[in-house]
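Q: According to TrEMBL, the protein has these features:
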DOMAIN    103-236  domain 'Palmitoyltransferase DHHC'
TRANSMEM  27-45  transmembrane segment
TRANSMEM  51-70  transmembrane segment
TRANSMEM  149-175  transmembrane segment
TRANSMEM  195-221  transmembrane segment
Amino acid sequence: MKVKPENKQENPPRKNGFHCPLDPKQVSLWIVFFIFVTYTFILVIPVFNLWYIPFSFEALAVICFVFFTLRTTWIDPADFSVRYQSGDRPQFKKTKDNPHVIRNLYCQICKINVDNRTKHCRNCNKCISVFDHHCDWLNTCVGVRNYRYFIATLISAQVMLFLTFLLNLLAVVGLSVESRPMLVDSHPILTGTELGVLITSSIICVLILVMLFFVGQLFVFHLKLIKNDQTTYDYIIAKRKLKEQREKEAKENAAQKAQDNQAFEVCSEPGGLPDEDEIMDSFEEKKKRVKSATTVATISDVRMDHPASET
């Protein structure tokens, strides 16, 4: 006797970005952040004469970044109708007739009615109000409820990265010249570490420039979305439709070009279309046939009208 397999259940919805399992990108973000900040505060800032000035600016930037990042990650971006209740959640099976989780503005997993800008995130397994995108670096979705904090996170990240880059760059330049402008004579914490700080800070400057490029690019992209009243999801869907339309037009143009080429080949073949001389000869021949037929018809009429003349 065959035993029927148990019905598979959907995973429970994740409340926020701190809900396990954590994303590897999220973990790597905090590890890199901790290394850069610790190195800057312990080995870079103390080499400046007025160390408390860069310390204050860097500390303020770090606090803002941590606050907005944690705030964005902690907020639950789910639709207000989503309920975190224990119970059966049969696994959604995608079929040809039922390809989408949300159908007729009703989520078949969350069992709620939604509006047309709400989307179901399969990573978080819940409906997100005004869904923008799922951020792997924060391990949560970005929607209308945490979008402002997400933008603040991007701004604070750029400010913090720029200050960290500037401090490390000034340390590299100061340690590279004999006059050591703005720097103390020797490192106040670790003696004989100037060469190590010089090399490490140079590497960090290059890495921060790469980070600034990508974070800045993402920030400018979202500014354009805000200007056009779009979300990232809307942009991706519109771009996909445009690509499909262009592919369809390209196929139609290729098919039309193939038909034109086929017609041209037929016309170019020997005997495909008659040349001008053949057309004129054919016209003259038809003209003679018509004239001959007309003459025969006239003679026949005369003979029918005068039958006695034949005797």
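Every residue, even glycine, has its Cβ placed from backbone N, Cα and C.
It should be emphasised that the depicted structure is a prediction, and the values quoted were computed from it without experimental measurement.
If you look at the structure here, what lies around each of the features I listed?
A: Long-range contacts of the transmembrane segment (27-45) within the same chain, counting only residues at least 6 positions beyond its ends with a Cβ under 8 Å from a Cβ of the stretch, are 51, 54-55, 58, 62, 65, 137, 164, 167-168, 171, 187, 189-190, 193, 197, 200-201, 204, 208.
Long-range Cβ contacts of the transmembrane segment (149-175) within its own chain (Cβ-Cβ under 8 Å, at least 6 residues beyond either end) map to 36-37, 40, 44-45, 47-48, 54, 57-58, 61-62, 64-65, 67-69, 71-72, 75, 132, 135, 138, 142, 181-183, 194, 197-198, 201-202, 204-205, 208-209, 211-212, 215-216, 218-219, 222.
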Q: Over the domain 'Palmitoyltransferase DHHC' (103-236), what does the predicted model average in pLDDT?
A: 89
